[in-house]
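Beneath this line is the structure, given in structure tokens, with notes to follow.
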């Protein structure tokens, strides 16, 4: 018996491995895997149902059909183990060998492997340097190919048609060798000398100058070198032996009624075997060439279909007209091996049911129906029953449980105690979609869920279902309790704010409780404390809202950090005093002494967590919930039709709007305004009217008149139920109330355009038929959008996870001094995001100096906490350089300091944290909240866009950066620089507002001057771009020839005449070469020089420029010489929402991107062509100038002779991230992508920490292009992993050799995922065939570094608790020990894991 157990144990041992290599299989290798040749297409005998000998299910080749029993039944039982039966030839062993033993088919004629032939670029074609078309013609027997030319004039690899071949035969006889079919290609491949070929190609590469040729050569060299290094032989891409899959992986299942269901592979194999056998027979018979050829072609097609059906020609279909599933289809796609069985599996010990509310549960509990618990915990119950001696055998225990005896329930109670279960709600968009709870047994059949975790699950109780999973092993239970317990997940990993926040009823209850009311019962009482407040409220002596004085004792930390009690009498209300009783000691009373809305409650929980830690916060959250529910019930807030008060002014506002619309209609009919203007104006009028109605309604709703104690009427905030719900943040918003009691307003058509007749009614009044019909548009579009959005958002998340999955924190500090500058996000006059929110939880990259001094406020490498951020705010620091993952120098993974704080835990991140996946989830999860729309800017919006002045909002000092200006005669500044920025600094030196000042603006006040709020500081004309002179003097026209380069126009209304420069297209012959310009000369007629240069002041005029000056007039510096009208680009579509985020992460180039200056220098224009202008930038140091052709229709923002910096905008448009990376560097592109993505999310009110976006950007910047190879193996122009190049360079530097240089590339997330080092990860993402083909040819090794690869091979992932295991393996490998397969007892494992978890200081998980 003992050796039987030993034998069974030995069977389960897995082999330890460090990496997985994929390569081409040689024929000998295939034969070595095989256990015999499959010679017949038969499967099983239809009478006996036994497998046919030598057939596809042959027992002699693949193993016995029944355990330890040969086919003919001579040997049965275990004692004959390993005997081979002499009658039927079957080895006596377990049946499961039929899952692993392979067979093979000896092909009568070689066939090409379709993957290496047809998967683009064709590997065979690239290797032979022949077009795919030609190779196919050879393979499918249409033409001959010359294998050896011999002494003839035929080239090797030359293609010959039938006639040419016959001619050549006549001419040369057997001096040359030409064949057709796969034999020919095989011979060509076999005869290749790879090393020799490599040499010649490298020589060619050094000599050639053509870019396309270089690219082609580089590709071939890479492929050839891959073959040389991997030890693959090219001729192995042609199959001579075909492996046969083990039969249990392509089963034949008998159905009832004598029919069989079979895997498609069997059909495909049968075709191959039939054709192969027929071909063998024909060859033996020496059949005519044409018949053999046809058979060979058919064999080639059969093998193609088996390997990848439908890749070439029409897919082979089965009896039901469906294409057969080939081997390639088995592994690719959502239903393929990778995504269906390896990355996600169905699990046992799980159940699902509908969820209902459990308002009495504690945060760490969930209600589990008894029926479910009994089923899920069965094995544990059986074990306990046997242990107690209540059942003798498992069978008896089973019976007891089935009968549901009383004792079983007691045992279930014991088993369940302290055994957490996991609850999951699909779709699991982020890690908080699976959390652990302690089950509480309940009657009924629905799972009860704690209301506070609904936000994390995005669950509601309208019929949602959830799944329960039971962690079985001790380790799993420990992880569930320490890491996944709902009490340990209070903060959201996306933004570090509490996610366990009360919503809806609870918020309403707390809001109602903390409101105050004038002249309520019991006003003016003085109470001894919260207890008394509760007593008099219960006794009915005072109202909840009564304003009273209460004696309050607070615990406050003094300057030394000790807790001291402080007692004072506070003006407050009864309700707030009662609420104070549940607030944990250590928080100030001021936190509840205000009407509590949703934001205030969230802030209160956040403060509690930061000051007191995890445990008090969890208890507090529960208490808040119970109290909130109780007082929401007492408040009796309800919705009645009388709560929707329609403002009295509504009718007159609408009437006014209608008269305005009628006026515009009249103007339109008399031709004063165009149709477009009329439409825009009408929409503006109605939008304004809607706003006015809404304002009147809210003023009406939000206050009510009351009589106070002295009998005086005063106003107080309203107790209207609907208003309270919206004001507290419990449900609804001003926009929704507007539709109930104001007017519904303008509606959009499905294409996004606005219908100009608004719905003037609201829901309180009711809609008429037309209004109802107009409303249906929007409602339907909403539903259709939601469906699309969910799919798109899920796909975005999948791509993000895939690109970032292998990014893990691997060391504490990489020691870099680089980082990115963080400044507050300021748009116009508002601070969109203050500095503290952007730097909180980051590590400083440099010392932060106190402004105006040399004192160090915060040293470098300090994690910025709330306290430090307060310090920064007090000292009004307005920019901080922080460490970032983008500039982290760790080779594989990132370091903890560059990442900073773990947002979900509030301390610096632990090693082994999978930050890539967290980032992907944080960005993808809110994706469903983003819109799918592209916004048409029309009407109100576009008019706001054409601003013409800057009006500051606050008092402060002006600060101008990158500015050039001249003073005009009036003593005002005229701006002559392009990207001038204006900041408003307050008295503490903080930036309050930030504006772009366009070229040609006139400013009344300059740099460093004081301004008051509301003052206008700059003006400009938004419709034209001026040409400003920087010097004074007299105008001299140059090349301004009437009728050739200019034309004179006279305005009919004013009688003024002006000159308009003609576009080069409009000029006649001689005018084409003239370049109209305005020169400035002094009184003597000599050129005036531009100050600071030796260039004469002359201003070249582009086409369409308007000049309103005459020759010889005197002008002053800062005057406008000419105006260039700006074409208003109609209604522009702004891509918003989800598609915009996807475009940014895919790094797509915009349609007409901004043109940036490639180098710094002076602008000039060279010779023009028909449709393009030649822009020349000459560097100031006199090195080579840069030229670029720019289409004429692009508007340029630069004039001749202007100096630009590298990366400046030359022509406006959306910027391309690739250009930003090339010209302004990694940090600029990071900033660009981060800001643009944040913009989209900010519009929806979603907060995501910048870190997450930076993590994705780091992954997009993984690759670089080699500029010069130095002493490395790399080829110039090849794309390589940046970390690999850096490692190679470090080695070279140590040896004192030349290092390689490279430029960073920005890849979109899909491309970056496919370009990852790990072929397993890439293959399981997209384009499986292409990835595997490429990897096999190159003989790639997958080092199993990422998470995905390890999940696929069935290991612990190298992150989280699996990180230690992987570190241990690496250490052992480095020391040359053999890694032991851990045989750990459960107790040891628990101890180790506990130690590991404590080391990661994960906060206290003591849920009592």
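Even glycines carry a Cβ here, placed using N, Cα and C.
What Swiss-Prot lists as Zn(2+) 1 binding site is 70, 72, 85, 88. Spatially close to residue 88 (Zn(2+) 1 binding site) yet at least six residues away along the chain are 53, 59, 60, 70, 71, 72, 74, judged by Cβ distances under 8 angstroms. The DSSP secondary structure for residue 88 (Zn(2+) 1 binding site) is coil.
The Cβ of residue 462 (Mg(2+) binding site) lies under 8 Å from no Cβ of any same-chain residue at least six residues away in sequence. Positions annotated as Mg(2+) binding site by Swiss-Prot: 460, 462, 464.
The Zn(2+) 2 binding site feature in Swiss-Prot is assigned to 814, 888, 895, 898; the stated evidence is sequence analysis. For residue 888 (Zn(2+) 2 binding site), the number of other Cβ atoms no farther than 10 Å from its own Cβ, over all displayed protein chains, is 24.
Neighbour counts of Cβ atoms within 10 Å were taken for the binding-site residues 70, 85; the minimum is at 85.
Between the CA atoms of residue 464 (Mg(2+) binding site) and residue 898 (Zn(2+) 2 binding site) there is a gap of 40 Å, rounded to the nearest whole number. A simple Cβ count within 10 Å picks out one of the binding-site residues 72, 814, 895, 898 as the most packed, and that one is 898.
Ranking the binding-site residues 85, 814, 888, 895 by the distance of their Cα atoms from the Cα of residue 460 (Mg(2+) binding site) places 895 first. Look at the binding-site residues 460, 464 and count other Cβ atoms within 10 Å of each Cβ; 460 has the fewest. In this structure, the CA atom of residue 814 (Zn(2+) 2 binding site) is 65 Å away from the CA atom of residue 85 (Zn(2+) 1 binding site).
Listed in chain order, the extra residues whose Cβ falls within 8 Å of the Cβ center of the Mg(2+) site residues 460, 462, 464 are 355, 459, 461, 463. Of the chain residues outside the Zn(2+) 1 site list 70, 72, 85, 88, 59, 71, 73, 74, 75, 86, 87, 89, 90 have their Cβ within 8 Å of the site's Cβ mean position.
In this structure, the C-alpha atom of residue 898 (Zn(2+) 2 binding site) lies 67 angstrom from that of residue 85 (Zn(2+) 1 binding site).
Taken residue by residue with DSSP, residue 895 (Zn(2+) 2 binding site) is part of a strand. Surrounding the centroid of the Cβ atoms of 814, 888, 895, 898, where the record places Zn(2+) 2, the chain contributes additional residues within 8 Å, namely 811, 813, 816, 883, 885, 887, 889, 890, 894, 896, 897, 899.
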